[in-house]
Amino acid sequence: MPPRLFAELSDYIQKTAGIRMPPEKRIMLQARLQKRMRKLGHQSYDSYVRYVFSPEGTRLELQSMIDAVTTNKTDFFREPYHFDYLGEQGLPALVRGFGPRLRFWSAPCSKGHEVYTLAMVLAEYAQRQRGFDFEILGSDLSAFAIEVARRAVYPEREIEPVPMPLRRKYLMRSKDADEQLVRIVPELRHHTRYKHMNFMDEQYSVGEKFHVIFCRNMLIYFDQPTQEKVVNRLARHLHPGGLLLTGHAESLARIHTPFVALEPTIYQLPE
Ligand SMILES: C[S@@+](CC[C@H](N)C(=O)[O-])C[C@H]1O[C@@H](n2cnc3c(N)ncnc32)[C@H](O)[C@@H]1O
């Protein structure tokens, strides 16, 4: 890809999605776009990028290009420390403070692994705590990832981190054994909903406030001013006393936000 074109595209991606694209990401970007180019029959990056920004391309291809540049890597029970923390201390404290009906937001949710991990942990908690009920919203910029999350069907190899007793309760095997697929049970899916969303937008169109927001492994792709804006916007959608959880490589230490750190990567919005 010619440097001029890379500069134009990386500038667009950073402005639209917040995702930093320094020159060392050029090879990665090329590889990801090549798949789309081949599919649509474009011979050069120039021709593909011109198409994406044409009126027709904006309508038909822009979202697929955005999907291609987002990194959707995720896992069930990824960074399990947060789930242990919620089960042991977080949920009892939140229920004492807010009552037994809690709202959670996975922002960003990628392909839903974080949402369903949380749903399993919360469903287990509901069995110990009478009256406990929960709702989880998942949001992401990648329309493809949201689609996978809504479908809630995963290859069996991805469920390896799910403890066996939870697999038995919350995952259904495909009737066709050759397919090696599992689906999240409806009892968990009923607690979840999804909304396609860009956290670069000034306003997030979500209704009621949340008690816990998971914002894990997205801020690392943003520069500091963008991190600060996004975290402060998320804070508007959290109840005072609610929690914000970040990925283990992410910290709010160098940005201005109202949050206080309870533990590394676990933050509370002051009352
Ligand atoms: C690496 S995944 C993290 C998923 C999950 N939270 C986890 O920790 O496993 C990062 C996600 O951030 C999403 N993302 C990146 N920029 C975004 C933006 N501006 N608005 C919404 N989602 C965004 C990507 O589409 C991707 O699915």
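Cβ atoms are placed via backbone N, Cα and C, with glycine included.
Unlike curated records, TrEMBL annotations are generated automatically.
Annotated S-adenosyl-L-methionine-binding residues in TrEMBL are ASN72, THR74, ARG78, ASP140, ARG216, ASN217, and among GLU114, GLU160, GLU187 the one listed with them is GLU114. Between the listed binding-site residues, namely ARG78, ARG216, the fewest other CB atoms within 10 angstroms of a CB are found at ARG78. For ASN217 (S-adenosyl-L-methionine binding site), the count of additional Cβ atoms within 10 Å of its Cβ stands at 20 [all protein chains shown]. Once Cβ contacts within 10 Å are tallied over all protein chains shown, the binding-site residues ASN72, THR74 are led by THR74.
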